[in-house]
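Enquirer: Take this structure, written in structure tokens, and hold onto it; I'll ask about it next.
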Amino acid sequence: MGRPDPEEGQLPAPVKPPDGGWGWIVLLGCFVITGFSYAFPKAVSVYFKELMKDFHVGYSDTAWISSIMLAMLYGTGPVCSIMVNQFGCRPVMLIGGLLASAGMILASFTTNIIELYLTAGVLTGLGMALNFQPSLIMLGTYFDKRRPLANGLAAAGSPVFLSSLSPLGQVLLEKFGWRGGFLIMGGLLLNCCTCGAVMRPLDMGMKRKMGKAQDKYEAKEMLPIGGKSEEGISTTDGTKKGKKAKKKPKKGKKLLDFSIFSNRGFIIYTISKFILVLGLFVPPILLVNYAKDTGVPDTEAAFLLSIIGFIDIFARPACGMVAGLKWVRPHVAYLFSFSMLFNGLTDICSARASNYTGLVIFCVFFGISYGMVGALQFEVLMAIVGSQKFSSAIGLVLLIEAFAVLIGPPSAGRLVDALKNYEVIFYLAGSEVVLSALFLGVASYCCLNRGKKEPPPENNPSAVGGSDTEEAESDVQEAEEHSSTNHQPAHSTDNAMVAANEEANHVAEEQSGEGGGCPAGDGEVLARDGCNADQMVERDSF
């Protein structure tokens, strides 16, 4: 009795990203998580001198703490993807917040450098990895039209937290020592649990609304029946039980979807990102030492990184706004390629800077280009693979980037030790970034031309809709199976027939009022055509 629910054979309406509402709270949580994930490994470096004194180790030994954190952040991408696909984003983020906090708290009680590697490095790095990736996935589910702006604002958390955590760490070190600082930092990382708690699944609110509407309608329908309400309720319950018994189990979601490697756009993006990471992080790592070697005082040399961070704070949201424009968004891959080209040329043109003024100019342009790259990198990936496969795609991309992170900066450091010349390193790093930009732009253009020449195959909705329609099609088939098996009378008495006719008339009136009176076949076509138009345009561009 009453309106049939999705379990009774009706296709549930697709959950549309709200592009606001609770999504702004999710964006705030993603902002905090991004800040901790990228800034924390760098902010820990303020404690290195004290660690060197207490444990009697060298700078390279303490630097492994930050390296292990970053390696865990990038290298555990597939593990995070599997956990998110199996348990969801919120539980994984809550566990990650606890692990990150526990790692720093335990690190405050360590007695040797190996224990620091295991606690502050492995445990905290794993916890931040379990927070970073799910937060980006949730951001993609809550935003669609405003997704470029949302990605830009979330990416701004990195420079904001870097400019805040480093001075805070210095203050904590002076007042409480490195052990007290680690303990307080571990308490701050508990905020990751708060950010994970606000990552409410988007379909939860929809299910609650549908359940309340259905209960209200059934109560309204049961009131006029009077003495035969119990008979109607028992009959309805029996019908539902029979339908649930006949319902076929839904096909489980893949823990890690390797089918994305069949996407040419994803392959192009992955290769270009690998080349990009080889040279992207080298200039900011070597900048301070390069400035000192040219005769710049220590305080002014350290201020150069502050200039990059300050410019980066404003460059990321601004680039997100530009990427969200209607005439720019379909070509966001080319904007990403331009940002990489801009960054690489900045490195090359500034390689011969020999005074402080030239280094400041380099920092300004590097901050703009670096912010553009940071704001667009995940937006382009979302546009290529779609929201359904993004959880698997980002895990695999981060794993591939981990190898580049372990190759690029250490190799640059060895070249500096061997050549004693920073100019060559800047030329090399800039050339790698320029190569990645040219590869992404040229390869994407070739794929675009090929995609325009090849007509889309007929009667193959999966080639058009992509991954976003697979689940909808399975629900349609499931609904059709239920509708075909439930065409038997529920009652044999005259009163039951009258009730059935009244219910049918009521449903027909609702369908005519909503404009949804179409047969099952038409419903399947609408379900296939109901995917997001922006996502289809972006995916078809690759």
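Glycine is treated like the rest: Cβ placed from N, Cα and C.
Since this is a predicted model, take the numbers as computed values, not measurements.
Feature list, courtesy of TrEMBL:
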- 485-494: compositional bias 'Polar residues' (COMPBIAS)
- 23-448: domain 'Major facilitator superfamily (MFS) profile' (DOMAIN)
- 228-248: region 'Disordered' (REGION)
- 454-542: region 'Disordered' (REGION)
- 21-40: transmembrane segment (TRANSMEM)
- 63-84: transmembrane segment (TRANSMEM)
- 91-110: transmembrane segment (TRANSMEM)
- 116-137: transmembrane segment (TRANSMEM)
- 181-202: transmembrane segment (TRANSMEM)
- 266-291: transmembrane segment (TRANSMEM)
- 303-325: transmembrane segment (TRANSMEM)
- 332-353: transmembrane segment (TRANSMEM)
- 359-378: transmembrane segment (TRANSMEM)
- 390-412: transmembrane segment (TRANSMEM)
- 424-448: transmembrane segment (TRANSMEM)
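Give me the local environment of each listed feature.
Expert: Among residues of the same chain six or more beyond the transmembrane segment (91-110), those with a C-beta under 8 A of the stretch's C-beta atoms are 33, 36, 80, 83-84, 116, 119-131, 134-135, 179-180, 182-183, 185-187, 189-197, 199.
Sequence-remote contacts of a segment are chain residues at least 6 beyond its ends whose Cβ falls under 8 Å from one of its Cβ atoms, and for the transmembrane segment (116-137) they are 29-30, 33-34, 36-37, 40-41, 44, 51, 55, 64-65, 67-74, 76-77, 79-81, 83-84, 89-90, 92-93, 95-104, 106-107, 110, 154, 182, 189, 192, 195-196, 199, 378, 390-391, 394-395, 398.
Outside the transmembrane segment (181-202) by six or more residues, the chain places 15, 17-18, 22, 25-26, 28-30, 32-33, 36, 40, 44, 47, 88-90, 92-94, 96-98, 100-105, 107-108, 120, 124, 127-128, 131, 134-135, 138, 141-142, 169, 172-173 with a CB less than 8 A from a CB of the stretch.
Under 8 Å from some Cβ of the transmembrane segment (303-325) lie the Cβ atoms of residues 145-153, 155-156, 158-160, 162-163, 284, 287-288, 291, 332, 335, 339, 359-360, 363-364, 366-372, 374-376, 379, all in the same chain and six or more residues away from its ends.
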